[in-house]
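Q: Quick one: the structure is below, questions incoming.
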Amino acid sequence: MASALLKARSLRNSSLPITSRLFPPLSFSSSSSSLSSSPCKTTHPLSQPSQTKTPPSPKKVPFTVSVHGRTWVDPYHWMRNTNDPDFVHYLSQENSYAEDFMADTHKLRQALVSEMRSRMPAEHMHLSAGKVIVRVFIFVLKLVWFFLGMSRLYYQYVPEGKEYPVLCRRLATEKKGWMETVVNYLRGRSGKEEILLDWNEIAEQYGYVHVGTCRVSPNHNFLAYTLDTTGGENFMLQIKDLTTLRNIPKSRVDGVVSLAWAQDGRTLFYTESDENQRPYRQIL
């Protein structure tokens, strides 16, 4: 019993934690090959943030909140209004401070982005013996066949050097008669790629875009899609006429969670969200 107490006392008086004595210290030196990655040939020093700026401090505006019988003061409630000029100015200060703090890693970040982009295989497509062969290497690959009248192949891929996908379609030319081939040629749809939606153009327009849902109508004439351009997960619905490749006026709806086409190809069901971004009603 006495020996056990002495051991416990020695552990309490020791300046090293117990885990330090159970396991040997890890070495992160360049000579340690067991922990280093062999493909990485360049060593980078630890980040030394600039001390020229101090972290921005947002203003505090007292606001009393009462929920479930409890009351407290939320001094940052004013930030809920993202259009407030003071809030926009504060975000600008935060971004400026972050850029200054991470300035020494700028070249490293560029190198990492370039390396990741270089590992994204470029798209590869070709036609062979009258049969459409699509070889697409992408993060998200969607192949959908429709056999209503003329078969079409829908797919999306990320173009080389871009960050967002493009949604395309081709008219299937496999096992088609000569009459349909002539009709397709006159309509300009003889297996030629048709770009339905380029998310890169939308990103350039708004500065940011989050791809939501894309649904083509059963008759192939309309495309309903949702996108978030603010980063707030508030998706906006738009409908595109695929015969003209233009958005239908007054088809924009904010706060759409999900959608589905009816079999007639002209009726769209969609679900709207409430103020908490939860689905609460379905609209026809």
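Just so it is clear, glycine is given a Cβ too, placed from its N, Cα and C backbone atoms.
Sharing the feature lines straight out of TrEMBL:
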COMPBIAS  30-39  compositional bias 'Low complexity'
REGION    30-62  region 'Disordered'
COMPBIAS  48-62  compositional bias 'Low complexity'
DOMAIN    55-126  domain 'Peptidase S9A N-terminal'
TRANSMEM  132-155  transmembrane segment
DOMAIN    151-280  domain 'Peptidase S9A N-terminal'
Q: Could you give the number of helix, strand and coil residues in the domain 'Peptidase S9A N-terminal' (151-280) as assigned by DSSP?
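A: The composition, in the requested order, is 17 helix, 55 strand, 58 coil.
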Q: With DSSP, how much of the domain 'Peptidase S9A N-terminal' (55-126) is helix, how much strand and how much coil, in residues?
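A: Counting residues by DSSP class gives 37 helix, 11 strand, 24 coil.
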